[in-house]
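Colleague: One structure, as structure tokens, below. Some questions next.
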2 protein chains.
Amino acid sequence: MKERKVPDVVARRLPRYYRYLDDLLKKQIYRISSSELSRKMGVTASQIRQDFNFFGGFGQQGYGYNVEMLHKEIGAILGLYSGRKTIIVGAGYLGHALANHTNFKKRGFMLVGVFDNDKAKVGRKISDLTISDYDGIADFISENQPDIAILAVPRTAVKSVAENLISLGIKAIWNFSYTELDEQENVVIENVHLSDSLMMLSYKLNALDD
Amino acid sequence: MKERKVPDVVARRLPRYYRYLDDLLKKQIYRISSSELSRKMGVTASQIRQDFNFFGGFGQQGYGYNVEMLHKEIGAILGLYSGRKTIIVGAGYLGHALANHTNFKKRGFMLVGVFDNDKAKVGRKISDLTISDYDGIADFISENQPDIAILAVPRTAVKSVAENLISLGIKAIWNFSYTELDEQENVVIENVHLSDSLMMLSYKLNALDD
DNA sequence: TAGATTGTTAATCGATTAACAATC
DNA sequence: TAGATTGTTAATCGATTAACAATC
């Protein structure tokens, strides 16, 4: 039951633990030891125990970990299943892909709106929602109070859209544009750089021949 | 001019350096010191110099770094601009989004084919390519010898498609499905877990209120 | 109880930062 | 040359691993 600040490196491992626990539940495995899990995940049992103990003792000596309980605890730490209202801004291919991302609902996020400034798109269906005009987003936000905005807009629009959303009360931005948004007081920014990932793949591919 | 093995943590910083150098060139800045760059990027100058020196001395005492040269060197380390032939498997929204990803071409990857097993999609245009039938992929690969495959297929199909592609000679897989592909001898796998990123955002949002 | 496995402390390893001599 | 800034070594810091006592 530690109160030390959680190192970033530990926090960033949580989603992966969560996925593996998901998997175990799907396979109806309800109990696991740190050493079994370490074999599955390719990390050390020591690291697993250290990591979990940043958040308190989830295990039991002589027994191991209860998968359901651990899954629930880590889900809670990650803030899942709290029904965060989420909107998507930008209904291009990426916006569509993200709207249809099934894990989304499964993780307890509530998609409540999709917006685009292209009048031709407004009114069309995306997943089970209707695309709304970006012009009306201020009213929508003040009425529905969503927390999270997913930005799938062209890079030229990102900065101004982000500023607008933040001024309207959005608390977290998941940004898929190449343009990196800077950290801000009281707003969570998560920049996804798909091209970084592709460059790493390329790097590893290059290294393969050495 | 070191020959030490490059730590993973250093390699994973390269794409970010590359992006910042891109930016500098766009702003017509052709010379920069480690301390200026450190201010821009929010890292220490020491780290920047250490990182670059894993790959050899790119700078000049008393002067700093030549941005164009550094950009080119890091690009080469990342294996960019080598015209790697790339195919996309799965022409859903995500496949479309990735095909239209402009950075893609800009980084020197050549998109040479898009495949889907849905006959209704075959023949349609995506970016400047025509969607081909997945049934013909073996012939295509043996003829064109692409290196990289981007997998944007449903999770149920990932494992079998990946195995098939590898057996046909694909050297690298950029996998967007939830199902994680395991490392393999002589094949580069890069798993993109979008939901991990969303979970981290959620975690940080949760932590905001503490 | 005996066996198993955690929680936690201590040891090791590696990464980051600081400092400065080399040199453009 | 004098000033600036790198490349690199040494010091510090933090993360990972090992070990084991606590305990279910």
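Placement of Cβ uses the backbone N, Cα and C atoms for every residue, glycine included.
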Colleague: What range among B:16-55, B:56-95 does TrEMBL describe as DNA-binding region?
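Modeller: Among B:16-55, B:56-95, the range TrEMBL annotates as DNA-binding region is B:16-55.
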Colleague: Within a 10 Å radius around the Cβ, which one of these binding-site residues has the most neighbouring Cβ atoms: B:Gly90, B:Gly92?
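Modeller: The most densely surrounded of these binding-site residues is B:Gly90.
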Colleague: For B:Gly95 (NAD(+) binding site), list the number of other Cβ atoms lying within 10 Å of its Cβ atom.
Modeller: 25
Colleague: Name the binding-site residues, out of B:Gly90, B:Ala91, B:Gly92, that lie close to chain A, meaning a Cβ-Cβ distance under 8 Å, keeping sequence order and answering 'none' if none do.
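Modeller: Cβ contacts with A, in sequence order: B:Gly92.
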Colleague: If one looks at the chain holding B:Ala91 (NAD(+) binding site), which residues at least 6 apart in sequence have a CB under 8 angstroms from its CB?
Modeller: B:Ala99, B:Val114, B:Phe115, B:Asp116, B:Asp118, B:Lys121, B:Arg124, B:Ile126, B:Ile131, B:Ala152
Colleague: Averaged over the DNA-binding region (B:16-55), what pLDDT does the predicted model reach?
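Modeller: Per the prediction, mean pLDDT sits at 97 for the DNA-binding region (B:16-55).
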